[in-house]
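Q: Per Swiss-Prot, region 'Structural MACPF/CDC pore-forming domain' is recorded for 2-265, and the stated evidence type is a curator's inference. Look at Swiss-Prot and you will find 266-385 tagged as region 'Structural FAT domain'. Under the heading region 'Thioredoxin (THX) domain', Swiss-Prot lists 386-517. As annotated by Swiss-Prot, domain 'B30.2/SPRY' applies to 508-703.
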């Protein structure tokens, strides 16, 4: 009959004789129109065994509906929230979280038996019920095809736009192999190296009408599960479920019954599909923006996106609810299709239109991209992200650093006028909104090439100095977002001993190493050091948390054997390998060599190959109370003049990138340059000390 309906079961518990309201897509369980005796007499069953698999490469609603054999009208009912699906049909609710994510789905379908009620209308007596008398049903189930569906949904990690198509193609090729992959006796999946590499980055989600002992979550799990599906359906389809149903108009069996007056125009259905698909796509874009690591670190932008998500989700639910309310009325002939068109038109003319929301998300994504281009420069350095002014104050005031340098994103706004418009529109009837404000991007800071370039230049300068001050105990570097209308894009704040000194800090130009006169200028680069117990010679003792060393020629220390230990000379390295710019001070007394060395310096040679200053691995300033100060490298020695012979505090300044290590006599807040070695360093250097060489006494304290 032309008014018969054919539809997928979608995990709903259809039985022969069950009543159905096609206006509301609602099953009416607990009652059979024909009764058990009549059903028994006129029911026929025919085996209809088949199986197939199919690849679904798209995540669109249209592709999913096609995979589930859903016609346009039922599809709109599902999107509008009228149909509650179960079993394998829950696949319809599984959408990608991100736009930049590849998804490929393997569908397995098996059919087992076809059952039908064979008595024509008018030849059997039907049971009366208040359901039919009150017009609560329009159709009755007359045939059911049983079987089972299974969907293996494989998702890649979030990828860059440029890699999306390539990953998608490789995923399709790999997923197509699942039905043909063999599992050896060890139950391991045999894959090529390339397939293993791809599979390791895929996640799997299973939606099916099969009862599994455990759900597959990986590609390998999916392969193993797929192999078992034919047996899980049971002998003679014992475990199969309704897959497809045929429904006859109830009026054919009961003249008092209501009927479906009209189905919705296909073009109208497509417009509703498009509208709801657009909403889901916009939602995914917001999800993707929210998941950016940098967004999680910056509450100003995180809260803005979160606020949008809440408003937009409420709006989506409102649209779905309106569609769900109108569909039954249109199908019953109570309202015209124009009521559905009005939902589409209202959205197109509202602040929630696809054009306006897309424009706002474009601006958010641009803003995030600019922030990432700056923040990415300091990723992996010691610069610390703080979430707000309170946390920054805590770090600056309570922290141990004397100098705090802060890269501030100044133009990330807390209040967004467009979000206020969205909120007002959703909460109030459209007629009460005086005007519709579209999101503005023309004058937004992140679209200004000049502003962005200045931000990136400032970020690069900040990054360079973060690297220069690596391991400095007196300087801290921080990143955050604080609104400040005085500066577009970004600025650098400087705090000195807990107080804000300037909101527009410029790093001072460094003098030549000979030009340093004030100790405070070098203390910016001060770092903490400790002696390395694995390198210390057995004739040196350690104390004060490994910061004080003394020669012990009359008492051998019982250090454990270690390949890094110096054997032939009274020497020790520090634990810290240094690159960048660093300053440290020592108090020395007696016979001492102070400098730097590569970790690769020999340890056990009895000649001078392992002695500091006698090879290409080390650079030292030596103090001998009898003859004074000597700089030594590669066995070459030169006397060094000191302004006050016998001074007790020595400062060392390393500029690794510039290739220099400088020595200073320290007195109060003044330093006097003694000597600078110039070279090209090829690996990290370690503070190095020789304490009491050749049987002499010496002590040294790290400050």
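Please read every residue number as a count from 1 along the shown chain.
Using the three backbone atoms N, Cα and C, a Cβ is placed for every residue, glycine included.
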Q: Please list the DSSP helix, strand and coil residue counts for the region 'Structural FAT domain' (266-385).
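A: Taking the region 'Structural FAT domain' (266-385) as a whole: 99 helix, 2 strand, 19 coil.
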Q: Please spell out the DSSP helix, strand and coil residue counts for the region 'Thioredoxin (THX) domain' (386-517).
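A: So the counts come to 50 helix, 26 strand, 56 coil.
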Q: I'm checking region-level scores; what's the whole-number mean pLDDT for the domain 'B30.2/SPRY' (508-703)?
A: 92
